[in-house]
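Accompanying notes for the structure given below.
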Amino acid sequence: MFIEPRVGNRHNAPRRGWIEVVCGSMFSGKTEELIRRLTRARIARQQVEIFKPALDTRYDTEDVVSHNAARIRSTPVAIPSEILLLAAGSDVVGIDEGQFFDNSLVEVCQQLADNGTRVIVAGLDMDYLGRPFGPMPALLATAEFVTKVHAVCVCCGEIASYSYRIAASESQVLLGETDSYEARCRPCFLEGMQTKALPSATQSAVTH
Ligand code: ADP
Ligand code: MG
């Protein structure tokens with residue numbers, strides 16, 4: 001488990017900022033871990049602000065909600081620069097679904113951290129094809145602390161790090177749940193991708 005660094009509550013200590021990233025596949029517990037860290041910061045009576053991309057409306061337009069129904073109040077924002085305006089004076093800023101923002105998220109997180117804010121970003125490290133997703137690779141490179149969490153492969157029960165898309169769409173962004181995605185380990189992800197690549201007549205011969 002990630003142990004939070006000291007948060008510098010000593011009197012007259014200068015505020016220290018840094019960036020934490022929580023990454024992994026879908027269903028790996030990123031949002032749960034983000035909520036856990038933010039809840040603890042609130043218990044420490046710190047000023048906490050939480051943001052998510054306005055396009056993520058899966059469970060709720062405002063709250064950040066995990067697949068396990070844990071939730072925390074958040075502010076949906078369309079572009080990362082809004083976070084700078086809205087987070088002024090916060091000790092801790094949490095951002096969920098970081099992969100859906102553009103690359104300016106990296107600069108926004110840097111500015112917040114430079115100014116003494118603890119920034120925690122949760123997001124998918126890879127898209128449904130296994131490619132690095134949006135601003136996440138640059139955030140992983142520039143964060144002080146990186147936690148990769150894992151789901152359970154729904155095919156074999158091993159540790160899963162891929163989000164396998166079962167829906168037919170080929171758009172990089174497809175909001176979805178267990179009806180659209182499965183957490184899969186590397187061999188089961190590869191097997192699924194190879195099956196998808198087969199012509200449909202061969203596919204039905206393979207699956208029947
Ligand atoms: P993430 O934000 O990474 O998509 P969440 O924090 O929202 O994940 O949800 C994690 C929860 O999802 C787990 O605690 C578990 O209850 C549920 N879950 C559903 N499918 C899986 C799976 N294949 N592996 C692990 N957890 C799963
Ligand atoms: Mg999540």
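Backbone N, Cα and C atoms are what each Cβ position is placed from, and that goes for glycine too.
Curation does not apply to TrEMBL; its annotations are automatic.
According to TrEMBL, the ATP binding site annotation covers Gly24, Ser25, Met26, Phe27, Ser28, Gly29, Lys30, Thr31, Asp96, Glu97, Gly98, Gln99. Marked as active site, proton acceptor by TrEMBL: Glu97. Taken from TrEMBL, the feature Zn(2+) binding site covers Cys153, Cys156, Cys185, Cys188. According to TrEMBL, the substrate binding site annotation covers Val173, Leu174, Leu175, Gly176, Tyr181.
Structure coloured by features recorded in TrEMBL.
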{"residue": "Lys30", "record": "ATP binding site", "Cβ neighbours (10 Å)": "28"}
{"residue": "Asp96", "record": "ATP binding site", "Cβ neighbours (10 Å)": "26"}
{"residue": "Glu97", "record": "active site, proton acceptor", "Cβ neighbours (10 Å)": "22"}
{"residue": "Gly98", "record": "ATP binding site", "Cβ neighbours (10 Å)": "29"}
{"residue": "Cys153", "record": "Zn(2+) binding site", "Cβ neighbours (10 Å)": "22"}
{"residue": "Cys156", "record": "Zn(2+) binding site", "Cβ neighbours (10 Å)": "12"}
{"residue": "Val173", "record": "substrate binding site", "Cβ neighbours (10 Å)": "15"}
{"residue": "Leu174", "record": "substrate binding site", "Cβ neighbours (10 Å)": "14"}
{"residue": "Leu175", "record": "substrate binding site", "Cβ neighbours (10 Å)": "12"}
{"residue": "Cys188", "record": "Zn(2+) binding site", "Cβ neighbours (10 Å)": "20"}
Annotated ATP contacts Gly24, Ser25, Met26, Phe27, Ser28, Gly29, Lys30, Thr31, Asp96, Glu97, Gly98, Gln99, maximal Cα-Cα distance (Å, integer): 15
Cys156 (Zn(2+) binding site) and Gly98 (ATP binding site), distance between Cα atoms, whole Å: 29
Extra residues within 8 Å (Cβ to Cβ centroid of Val173, Leu174, Leu175, Gly176, Tyr181), substrate: Tyr128, Arg165, Ala167, Ser169, Ser180
Recorded positions near ligand 1 among Met26, Ser28, Glu97, Gly176, Tyr181 (Cβ under 6 Å): Met26, Ser28
Cα distance (Å, whole number) from Ser28 (ATP binding site) to the residue listed as 'active site, proton acceptor': 13
Length of the line joining the Cα atoms of Cys153 (Zn(2+) binding site) and Ser28 (ATP binding site), in Å: 10
Number of Cβ atoms other than its own within 10 Å, given for Met26 (ATP binding site): 23
Count of other CB atoms lying within 10 Å of the CB belonging to Ser28 (ATP binding site): 25
Residues flanking the Zn(2+) site, with Cβ no more than 8 Å from the Cβ centroid of Cys153, Cys156, Cys185, Cys188 and excluding those residues themselves: Val154, Cys155, Gly157, Glu158, Ala160, Arg184, Arg186, Pro187, Phe189
Binding-site residues near ligand 2 among Lys30, Val173, Leu175, Cys185, Cys188 (Cβ under 6 Å): Lys30
